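Following: one structure in structure tokens, then a few remarks.
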Amino acid sequence: DSLRHDNEDQCGDIEVYTTGIQTRNLGKQTSLHPLHNRPTADTFTVEDAVEAIGFGYFQWKLSILTGLSWMADAMEMMILSIIAPQLQCEWRLPGWKVAMLTAVVFIGMMFSSTLWGNITDKYGRKVGLMMSMVWVLYYGFLSAFAPGYGWVLVLRGLVGFGIGGAPQSVTLYSEFLPKKSRATCIMLVEIFWVLGAVFEVLLAIWIMPSMGWRWLLGLSTAPLVLFVVLGFWLPESARFDVLSGNRESAMRTLRRIASENRKSMPLGKLIAEQQEDRGRIRDLLTPQYCRTTLLLWFIWFANAFSYYGLILLTTELFQSGEVCDVITHGAKTEPKCDLECKYLTIEDYKDLLWTTIAEFPGLFVTLFVIDRIGRKKSMAMCFLMFSVCILPLYACIGRVALTVFIFVARAFISGGFQVSYVYTPEVYPTSNRALGIGTCSGMARVGALLTPFVAQVLLKTSVYMTLSVYCVCCLLAAVASMLLPVETTGLGLQESCTIAGAQEMKTTSQMSNVSEASPTETSY
């Protein structure tokens, strides 16, 4: 079946028909480049409109709203390392039960990330994101009233299920950003993640000594309340509307953005390129995407495994740092972590605060290099520097040195995580972008699920073995980053799998010097 759109005044007698993913333009000399998806002067794509409108007031508001979802996500993650020692002491929990408090959240995220991606690709970016945030708000608040350990596990697992949809905020956000500012904007959203983590530590310092962990869980949902209230302002992605055949809605959204940014819309008719088959996992494993997908899955796994592992290690090593003081320089015995029940002290909270603030310099370093050396090399650099910072921890260093090296390590691994958030939506087309991010996020949650058993359980047996696992994992991830087949720096977002596949082959052939095609029109 074909869908006919009536002509607009600027377009004369040009008509646009959409059938599946094929676009046919009938009329006066109107054509579409088969590789670049570049229209003639009489037509334009959503990509052209986004580039013409540029970054302005609308994107500033969207940045704040996207940031609130990240802030809420960060607070739910940081709270894991704060309430675990408290519950261990209060309920006399063994080590494996403490690890399960963290693991159950990531189990929920692991199972839901792909589902939220599928929902977001099929029913809309706004629909998927709002549903997931309301879910987190509801079960996050209920968990403050959990009567016992079993209820805490169930409710925090349901919170994790909702958090699995949080990365879809990046899908929505990236589709409204011009390519010139896309990397910078997505990187700067990390500020809200850091603010969320810092706010959680400050809230814990205020709440935990006098009011306890239940109040901390309840008050930690505050950013979610704000997001849900303001979220009704969110528009649906124009890219999604076009791909789902809702051209008029896409035009209304683009005109709204142009009005708020005080910019002019491109002249001509919006090309409506409809694709019914969206959000299919098998499309991520086709020959043109299989290598990219598998490498990204491992990169996201390593990022989350190392990032959350370092957060948990920070708590454990700070609590047991005095063990190393009794070991002489000539001793061959590995230091053991004393993981007996200990409440977090003000000093522990301060160290958590400093290591959390470490993400700021990591963000700015990565922001400086991402457009200069490219996405792939930036990720590889971050993984490599994390491994370098882990090496000094093999020695029995003091608390100050421990804080410094963890500070630098966290700076780089958080930077690497953020680069992957930039690269992933750029490499997948609109038809599978949310699912691509969702499956990658799901693999990240596998890493986050496994890391408590290394950072909290294996640490009881051997500090050296624990550090070695994280070091080797990040070295392998650095290699995987360099093996990614496409460098997305400077490329636009592509809409459909067909044209994206043609462009990937063109990009590869350009890199191999076997294609004579001009590189000046490159668009992914």
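Backbone N, Cα and C atoms are what each Cβ position is placed from, and that goes for glycine too.
Predicted automatically and left uncurated, TrEMBL annotations should be read as such.
Computed from a predicted structure; not experimentally measured.
Across the domain 'Major facilitator superfamily (MFS) profile' (62-489), mean pLDDT in this model comes to 83. Sequence annotations record features per position, and here TrEMBL assigns domain 'Major facilitator superfamily (MFS) profile' to 62-489.
Sequence annotations record features per position, and here TrEMBL assigns transmembrane segment to 96-115 (among others).
Long-range Cβ contacts of the transmembrane segment (127-145) within its own chain (Cβ-Cβ under 8 Å, at least 6 residues beyond either end) map to 69, 72, 76, 112, 116-117, 119-120, 151-152, 155-156, 158-159, 161-166, 168-169, 172, 214-215, 217-218, 220-221, 224-225, 227-228, 231, 234, 434. Per TrEMBL, the feature transmembrane segment maps to 127-145 (among others).
The transmembrane segment annotation in TrEMBL covers 185-207 (among others).
As annotated by TrEMBL, transmembrane segment applies to 213-234 (among others).
TrEMBL lists 294-313 (among others) with the feature transmembrane segment.
The feature transmembrane segment is assigned by TrEMBL to 352-370 (among others).
Annotated transmembrane segment per TrEMBL: 382-413 (among others), in sequence order.
Here the transmembrane segment (433-455) has Cβ contacts under 8 Å with residues 99-100, 102-103, 106-107, 109-111, 113-118, 120-121, 125, 128, 160, 164, 167-168, 170-171, 174-175, 279-281, 283-284, 293, 296-298, 300-306, 308-310, 312-313, 316, 420, 424-425, 427, 466, 469-470, 493 of the same chain, all six or more residues outside its ends. Taken from TrEMBL, the feature transmembrane segment covers 433-455 (among others).
What TrEMBL records for 467-486 (among others) is transmembrane segment.
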